[in-house]
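Quick notes on the structure that follows.
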Amino acid sequence: MAMNPSEAQPFMAPPPPTGLTYSWQNLRAQVPISRQSGFASCFTQCPPRCGRNREPIVDQGSEALNGGLVRDDQASKVVLDDVSGIVEKGDLCAILGASGAGKSTLLNALTMRNVDALEISGERYCNSELVTPESLTAQSAYVQQDDMFIGTLTVREHLQFQARVRMDRHFNAKERMDRVQEVIAHFGLDNCADVLIGVQGRIKGISGGESKRLALASEVLTDPLLMFCDEPTSGLDSYMALTVVETLKNMATEGKTVIITIHQPSSQIFEMFNKILLLANGRVAFHGSREDAEGFFRSMDMIVPQYFNPADFYVQKLAMVAGKRDESQSQIQKICDTFQSSMWGSQLRDKLAKNASPEDSASTKVSIRASVSKYKVSWWRQFSALMTRTYLATIKEPLIAKVKIISTLVVSLVLGFIYYGQKHDQAGIMNINGAIFIIITNLSFENIFAVIMVFCNELPIFLREHANGMYRTDVYLICKQLVETPVFIITTTITVVILYLMTGMNPDPLRFLGALGIALLLTQVIVSFGYMISCIVPNAQVGNDISPVLILPFMLVGGFFLNNLSIPTWLIWLKYISWFKYANECLVINQWSGVEEIDCDEGVDWGCIHTGDEVIARLGYDKANMTFNLVMMVVFSLVYRLIGFVVLCIKSRRRN
């Protein structure tokens with residue numbers, strides 16, 4: 001349902017008792033050139049607009065670098081050059097500028113988010129208090145340009161989860177759900193409240209305008225004093241863009257402090273801003289009210305024509321014109337220098353001085369603010385809410401609930417018919433051992449790729465929500481693995497039951513249960529390895545490309561393609577870190593232990609294998625290794641998960 005801007009009403013929630021003034025002084029950001037190229041960058045960052053797998057920091061890729069200043073030594077590119085500003089309670093401030101001006105980079109620096117590829121210096125203050133990432137996250141909200149949701153949830157389910165983890169702990173369950181309903185009504189999401197959010201190209205869901213309003217609603221739930229929005233009108237038609245900005249204007253009217261970046265606002269939208277900040281080549285060209293902006297440019301004989309959109313006029317004056325780079329650069333420098341020496345620049349410096357506290361040292365301020373936790377609820381509440389969401393997302397995900405189980409069933413049946421009805425004779429030895437290795441190989445590739453495809457695509461959502469102070473890293477990993485474990489148990493059981501019975505392996509029920517138990521433990525090792533790879537690589541494509549390269553050596557020393565006693569000395573270490581070796585030895589021992597009679601071909605007795613123990617010995621295995629092999633698989637499962645957890649913690653910390 002479309003929402004008429006004129007009908008938007010302020011929230012019924014009481015206004016906050018105090019406002020918030022946010023200021024920043026001498027912000028400087030530069031990009032080390034060495035981080036932008038090289039083979040190692042394949043594993044630490046991805047190209048601009050690389051989809052939903054990673055959010056590049058430098059002004060979404062091109063904006064900060066195209067117009068940034070370059071130092072003589074070429075060691076780094078300056079993206080922001082001593083940028084200062086202030087936004088007070090009740091202000092709706094728009095950051096404007098041409099492409100390459102540094103708008104999104106400035107917003108990232110102000111929010112202390114997505115700054116892992118930048119070197120940033122400068123100060124940021126909230127009501128004269130020097131802020132830290134934790135304290136800023138606790139009292140602000142950030143609506144980023146790319147909307148990221150779990151597409152298999154409905155709008156209501158998404159907002160309910162947000163309310164459970166983001167609203168202060170003193171709210172009870174009823175108050176949280178009432179707040180969700182209030183936000184749904186305010187943003188005109190009633191008609192799509194129980195509709196799936198959707199996944200582009202796979203699951204039909206809500207429209208682009210509804211998605212943008214949902215992103216705003218998610219942040220407004222906590223009634224933040226300070227809100228940042230990166231391109232909130234991007235991808236929307238003029239009416240929906242007006243609706244979104246009208247909502248932000250209402251928030252500012254209620255006493256909030258709102259800072260946004262926006263590209264080419266219409267004249268109607270521009271009139272809603274009571275303060276603007278014009279950027280050019282990473283410098284401040286103007287910062288103040290709309291009326292003062294017109295006066296400043298008039299003082300430089302740059303008069304906005306009648307019936308001309310002022311925003312377009314300002315951006316044109318600050319743009320790098322193709323073929324006139326030197327002239328454009330000279331004009332931009334003149335405008336920026338003039339503003340610094342003008343009365344408007346002097347007034348800005350006076351306001352900044354009042355909102356800062358020069359008498360208090362930076363170290364004192366940081367130590368005061370560092371004690372503020374960015375998490376609104378306890379560990380247990382985070383766990384409960386995330387378990388519920390992960391469960392709903394998993395059971396409604398068609399790739400898991402339908403495709404994965406059906407594909408496992410089909411592949412297992414095909415392999416079962418190929419190995420159907422093997423006997424305990426000389427040919428059967430090779431065929432049964434081949435079926436065992438096929439089980440290991442199939443479980444390995446099937447589960448690793450399944451983990452990488454799902455986990456890598458969800459990782460950007462985790463990084464954003466973790467940066468928003470919604471839940472901890474350990475909570476996310478625990479919930480993810482607890483919910484997905486039953487799925488892996490089901491698919492593994494399907495594979496083992498079909499292949500074991502159709503192949504005609506050891507008919508002893510205890511041997512069957514032993515094989516199933518070994519396969520389930522093997523699956524945990526494989527899934528753990530998949531989690532580790534997913535945490536290390538930047539996106540699913542890289543993970544799918546490097547996984548076979550890592551798995552192939554493990555498979556070759558697993559005991560099927562190369563006898564365990566024939567592995568070259570210089571590669572002997574490789575078999576000790578191969579789950580193929582441990583799982584294959586366990587399954588072979590489980591299959592052939594206790595088999596006392598194996599048929600020989602008629603009339604041929606030489607070279608025959610007569611017992612199961614001989615089969616085990618021919619492969620270079622030892623029944624005494626069974627316990628050690630099982631322990632090693634448990635160790636691998638824990639170590640891979642631990643490595644993944646550590647890498648994920650490092651990734652999440654780097655974003656702040």
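Glycine too: its Cβ is placed from the backbone N, Cα and C atoms.
Here is what TrEMBL says about this protein:
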DOMAIN    64-306  domain 'ABC transporter'
TRANSMEM  399-420  transmembrane segment
TRANSMEM  432-456  transmembrane segment
TRANSMEM  477-501  transmembrane segment
TRANSMEM  513-537  transmembrane segment
TRANSMEM  549-573  transmembrane segment
TRANSMEM  628-650  transmembrane segment
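For the domain 'ABC transporter' (64-306), the model gives a mean pLDDT of 86.
Long-range contacts of the transmembrane segment (477-501) within the same chain: residues 383, 386-387, 390-391, 394, 400, 404-405, 408-409, 411-413, 415-416, 419, 435, 438-439, 442-443, 446-447, 454-455, 512, 515-516, 519-520, 523-524, 527, 531, 641, 644-645, 648, each at least 6 residues beyond the stretch ends and with a Cβ under 8 Å from a Cβ of the stretch. Against the transmembrane segment (549-573), stretch 432-456 shows more Cβ pairs under 8 Å than any other of 399-420, 432-456, 513-537, 628-650. Residues 43, 439-440, 443-444, 447-452, 455-456, 459, 477, 481, 484, 488-489, 492-493, 495-497, 500, 505-506, 543, 546-547, 550, 579, 583, 586-587, 590-591, 630, 633-634, 636-641, 643-645, 647-648, 651 of the same chain lie 6 or more positions beyond the ends of the transmembrane segment (513-537) yet place their CB under 8 Å from a CB of it.
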